[in-house]
Structures are given as structure tokens and as C-alpha cells.
Number of protein chains: 2
Amino acid sequence: MGEFELIRHYFAAAPCAQVGEGVVQGIGDDCALLAVPAGEQLAISTDTLVAGVHFPDPCDPFLLGQRALAVAASDLAAMGATPIGFTLALTLPHAEPVWLEGFARGLNRMAQGCGLTLLGGDTTRGPLSLTLTVFGRVPAGQALTRKGAQPGELLCVGGPLGDGAAALPLVLGQQQEAPEIAAPLLARYWSPEPQLSLGLALRGKASAALDVSDGLLADCGHIATASGVALRVERDKLPLSSAVRALLDEAAAWQCALSGGDDYVLAFTLPAEHLSALQADGWPIQVIGRVEEGQGVQLVDRAGQAITPPARGYQHFGSGGD
Amino acid sequence: MGEFELIRHYFAAAPCAQVGEGVVQGIGDDCALLAVPAGEQLAISTDTLVAGVHFPDPCDPFLLGQRALAVAASDLAAMGATPIGFTLALTLPHAEPVWLEGFARGLNRMAQGCGLTLLGGDTTRGPLSLTLTVFGRVPAGQALTRKGAQPGELLCVGGPLGDGAAALPLVLGQQQEAPEIAAPLLARYWSPEPQLSLGLALRGKASAALDVSDGLLADCGHIATASGVALRVERDKLPLSSAVRALLDEAAAWQCALSGGDDYVLAFTLPAEHLSALQADGWPIQVIGRVEEGQGVQLVDRAGQAITPPARGYQHFGSGGD
């Protein structure tokens, strides 16, 4: 048995590969088989992470395993889908037991936290990269897409913005900070929590949703375009974590919140009548603006005056990466 | 818009991305959405192809697009699944229009031939590799797995064996041959035809099935292990194409047929009572052996004497690749 065949057996024996609900056939045949309950649809999303483009190389394999699955699962949260499972295509230069053991532990931990079963995949020799495809289920017609926002609704987010971008210099070792500042930001970067429960709570309530991965303004642009509306973002209402406030001045914090990426909190539009009940249930929802007639995204200050936003979007952490 | 964002728009506009049957949401949201008919299950398979490990680099992008999807779709054929769609995770060093145009044409052609809709994916910068995840549907309980073979049944294949391995020196430019010999082998290598229709015809008839990708003996070993039976393979019954017969002497042809890979024909076990009806319907089924009590795979000659098989399995085309 070759070393890569051994890796396949290793993953097949991992705790997260034990067949979960809805999984008829897991690892070990030509295909996995999923049972989708009558009246439900299957949600599917694929993400690739390349060493040196999407994560530093080398990095802690436990953290990489955790983060890779969290980033993929966040797309299920954004659709309001209940997690089922995932496939892992892992390409690596050579099979190193210590690396694999750490990676599998991180993957297991996030998989079990999210309720995702490892269904199969492929392990190949080559430059380090990972492609994860995640699967969830959602009642027909109840998926949260990007295209239902209506003028008059609220624009909301599910948590603080800017942590991902603020963490980046720490992740890359370009900046050192005291542990009480660095630790929460590094945790947010390496172990983002996909807002799966919030996604479920928003089913039938939010009119459009996505997860903030490219930066708030760029992602709001996706909702505005898909829904054929304008989104007005009030800069002073952006929720910032205490770690970001401690690390950065106000202008830099806003820039991270508006144009950084990797936050993986949900951004969504909501008819105002649903807000108080959701907040009363304890969901950490922050209103940051409003849906209007028109198109595009407008950033305004406290007085309602338009502000030219900082550079939009986010090209991952490497220069020129995609 | 960055060059990789442009690629995403390019694929979203491809003919094979036009929403097909069962596809509720294609490219353009956080997740794709599939409707799986009541009483059916979803079959899923993932394959990664790495440049220099699984295909020569450089190579014709049209042929690569065609082959990558065919290899993935072959796993749907092996389960007896009706194709629905696929995701494409494409990592490439830079966005080169001529390359992309060729690749997309090859992908489109195979997608339309197989009835597969491009549902989404990811495009990233990095060393050239592709991960395709394919989706199909199959009535609950009717998927062809590896584990139902019973002693007394026939062992069959759906077409000639050894073409993939015999083509390899031609693909790699290590050997030149007259076009009438080289052309059919190169065609089999670059454009294998996933036996999707045969897979459907075998539903409810074949007791175990897979597609021959690792080499016949290695793949028969998978059925034997999963089913808890022995498989007896009769060497002289192995179907060989006229191109393989023209290119190789008998011993080399058998070696390619037994231990080469990349044939992507179905191998399956079949209760004998189904054979004549399937052959009468025109399916190119060849009986190559029998299921017996026991374990493992035994190769025998015309007289029924055991033969020591050549080296098993197949480590892709590169040395030490996986």
C-alpha cells in the first residue's frame, strides 16, 4: 500500500468520517450517497485554499484543518442550510504523519462542531492545496439567497467586522502584539465560527443573505446587484470588536470592517418587523443600514453624508492572490 | 474586476452552466441548490488532477477539460447514477485567455455529452490543478456499490481493457506510432467515454460495480474485499482493442489490461440470468470470470491454471504519483 493509500485509510477512520444522519454511503465506494428528505433541497458550495495564496506556508496543520472547513461551512450558514457533510480534496507534496495527524484533528474538531460528516474526496501528490465541498439541506424555497432584498428593509450583520483583516499582519508575523490583543484576533482568523444557527434562525425572515468573506462593501454589492436595490451602509453603526478597537485607530478599524475580508459573519436584509423578536431570542444582530430604491452601495457618516469608501474588496492575503 | 473574477464570469456564462433539470440555483450565490426527486438519493464523487502528476504539463487545454470531467463522471456511471451536475475548483498560475477558452470548450463538450450542469466552484491562483465534484441521482437502494457480489455470479466488463495504459507512452511523447494505431489510443486516453448508459442499464441487475481506474486486478480486489468473495479472472477472456493488439505483443497487452489504469470501463458482477437480455439489447458486455467463495483475486489461464499476475495497481503516470 502506497503512502497516499495509507492517508486515505487514515481519513476513512477519522471520527468525522463516521456516517451521520442522511448519509447512506460514506467513504469507500465510487460515490458517496446522501438521502435528502422529501421537500428539501441540497445546498452545495466549493472552496479552494492554496498554500502561500490563502494561508501561510508553513502553518499549524491543526489550525489549517479547522479554518478550511469553517470557511466552507460558512457558505451553508449563508444559505440557511442544515449541515450534512463534506468532501475533502487534499493535495500535498508528501505524506508526513505529524502534519496529517494535526490536520485531521483540526478538521475533526470543526466537523463535529458543525455537524458535518466527511463523505469522501481524493488525496493526491502535488503542491499543498485543499478543496472542500460542503453539503447541507434546506426546505424547498426557504434557502437564503442574495436576491430577495426589498427597499425599506434593514441591512444587518451577525457580529463584529474587521477582525479577519486586522488579524492578518499577526498571522503573517509582520506585527507582534500583547497576547490579550493578539489572541482573540488570531482565534477569529484561524477558527472562525460559521454562523450556522443564525442562518437557520433567519429562514423565512431574512430576505437576502451572504457571509462576509470578500469585505462588507464588496459583499453588500453582491446583494445589491442580485436584488436590484441600493444598500445604504452607516459607517458609525459598524460593530467593531474590542480587540480591533484596542489594536487600531478608528480610520484603520473602519477600513478593516468595510474592505477587509475573512470575517465570516452573516450580512443580510431583514423586514423591520422581525428584528425585535430575533434580538429578544439573543441573536447578536446589528443594524448597519437600510435597503433603498436604486443600485449599488452607498456609505454614509453619522450625519447621513456620503463618504468615499476605502478601496473595495480584498485579494486574500498574498499580493495578487485570488 | 481582477483577472480571476473575470474567469468566474467566463465560466458562469459557459453553455454547460445554463441551469439544467434538477438545478434550482446554479452559479452566482453562496451555494448551488439541487432538487432531488422524492425516493431518490444523491451520488457524489470528487477527483483531483494535478499537473505533472495526473496529466502532462503543458497539454492541450481542450483535451484536459474533456478528460477531467469524463474521469469524474465515470464514478457516476459506476454507481448507476443519472448525471445532474458538477463543481469545478480550478487552480492555475495565471489567467491566459487562449488556455481558458480551450479548457472551457473541452469541459462544455463533455458536460453536454454527459448531461452535467456546471453548478459552481472556485477559481484560484496557484500551481495548475483541478478538483471536480460530480453529482447524480439514483432511486433509493438501487445504487451499484462494490459490496453485493455473490458466489456463482459472472464477472463482466463493459469494454476493452488496457487502452489507457497502452496510450501513456504516446501521451507522454515517449513513443511515436502511425496515426492509425496512435489516434484511437490517444482518443481513448484524452476523451474516455463514461459508461453512464450502461450504468443505468445495470441498475437492479448487477450485484456490484465500479469503474476500472486503478487497473483491473486492483479494482477487482476492491469488489472482492467489499463483498467478501473471491473473484476468478480468466486472462484469455480479457477484451483487447484492435489498437492495443496492433501496438503490443500478447504479454504486454495483458499486462496493460490487468494492471494498467485509466480505462474507465465498468467492471461488475452479474447473476447469469441477466446476461443474454443485456447482450441482446446491444450492451458490449464481456464475461471475464466468475465470483467464488473465498477472498482475493485469482488470475487463471485457458486451462484454469493459476498465473502469477504482473505487478498490481497503477501509480498514475508520474513516478511515485498518487
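From the backbone N, Cα and C atoms, a Cβ is placed for every residue, glycine too.
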**Message:** Given that TrEMBL assigns A:Asp30, A:Ser45 to the Mg(2+) 4 site, pick the one from A:Asp57, A:Asp60, A:Asp75 that the record assigns to that site as well.
**Reply:** A:Asp75
**Item:** Intermolecular Cβ proximity, binding-site residues A:Gly121, A:Asp122, A:Asp211, A:Asp262 versus chain B, under 8 Å
**Value:** A:Gly121, A:Asp122, A:Asp211
**Message:** If you measure from the CA of A:Asp75 (Mg(2+) 4 binding site) out to 10 Å, which binding-site residues from the list A:His54, A:Gly121, A:Asp122, A:Arg146, A:Asp211, A:Asp262 are inside that radius?
**Reply:** A:Asp211
**From binding-site residues A:Asp30, A:His54, A:Asp211, the one whose Cα lies nearest A:Arg146 (ATP binding site)** = A:Asp211
**Prompt:** Nearest to A:His54 (substrate binding site) in three-dimensional space, by Cα, is which of the binding-site residues A:Ser45, A:Gly121, A:Asp122, A:Asp214?
**Reply:** A:Asp214
**Asked** When you put A:Ser213 (ATP binding site) at the centre and draw a 10 Å sphere around its Cα, which of the binding-site residues A:Asp30, A:Asp47, A:Asp262 have their Cα inside it?
**Response** A:Asp262
**Item:** Cα distance (Å, whole number) from A:Asp214 (Mg(2+) 5 binding site) to A:Gly121 (ATP binding site)
**Value:** 27
**Asked** In sequence order, what residues of the same chain, 6+ apart, have a Cβ less than 8 Å from the Cβ of A:Asp211 (Mg(2+) 3 binding site)?
**Response** A:Ser74, A:Asp75, A:Ala77, A:Ala78, A:Pro194, A:Gln195, A:Asp219, A:Tyr264, A:Val265, A:Leu266, A:Ala267
**Alpha-carbon distance [A:Asp214 (Mg(2+) 5 binding site); A:Ser45 (Mg(2+) 4 binding site)] in Å** = 16
